[in-house]
């Protein structure tokens, strides 16, 4: 165990980070109970999933910090969970607009701007797409494919790793790690692109529901969990992060990433409790609902 060889400052750091993780878990449990009691189940379950992103990442990082050999499993667990959260965030925006049918009525003649990040932010010549049931289906498919295929690819990675064919830091073209990582990266970009397209359209409508701070928290977790960890792993692979026995460069890079994530995920856990717990007024129903008597029965 790594903790057995720690000096006094190291033990204090481990104890502090573990305490932060426990506090984050307790804050999330209290928030989940409140949401379960106060918010309808269809919307409440989605919000609970989104609020759980930071505590789950913090918990897996804490386990990986105490048990370095479990790093691969904890990283994969956090990756699977976060893939589901990205899809849930898109569904939350649709729910906040009143559901798919009401959203289509609100933006009956509107268009999606697809020249947005992270895929097409520089392609300003792309046409604007009409908001229809089909385009909504493609946006939901953009995040759903990530929630489905990333766990499948991670399961394949674990199978190859147990057989000795998958080495996480071996990025040679002949190894499977490079191709699996590139494929997961492409799926991630498409999922984030779908969320960005939807947010750009509904941010003005949902401003009264604090969608901008919620999206900022979501982006904060994405950048730290995905980009920061990838950069640290690249530095470790290239030996920019020196080894410190008994830790190699790659193990030390993973060790540093986990400690940073525990500290960084504590902040969005606390802020999410404030942002999501506020009581928001429901949006005014779209005018077309009142004009169509046939739809009154479907309107809650």
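Here the Cβ of each residue, glycine as well, is placed from N, Cα and C on the backbone.
Annotated features, as they stand in TrEMBL:
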type     : residues : note
TRANSMEM : 12-34    : transmembrane segment
TRANSMEM : 46-67    : transmembrane segment
TRANSMEM : 73-91    : transmembrane segment
TRANSMEM : 137-161  : transmembrane segment
TRANSMEM : 176-195  : transmembrane segment
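Contact between the transmembrane segment (176-195) and the transmembrane segment (46-67) does not hold: fewer than three of their C-beta pairs are under 8 Å, each pair 6 or more apart in sequence. Residues 46, 49-50, 52-53, 56-57, 60-61, 63-64, 139-140, 143-144, 146-147, 150-151, 154, 157-158, 191-192, 194-195, 198, 218, 221-222, 225, 229, 254, 258 of the same chain sit 6 or more residues outside the transmembrane segment (73-91) yet have a Cβ under 8 Å from a Cβ within it.
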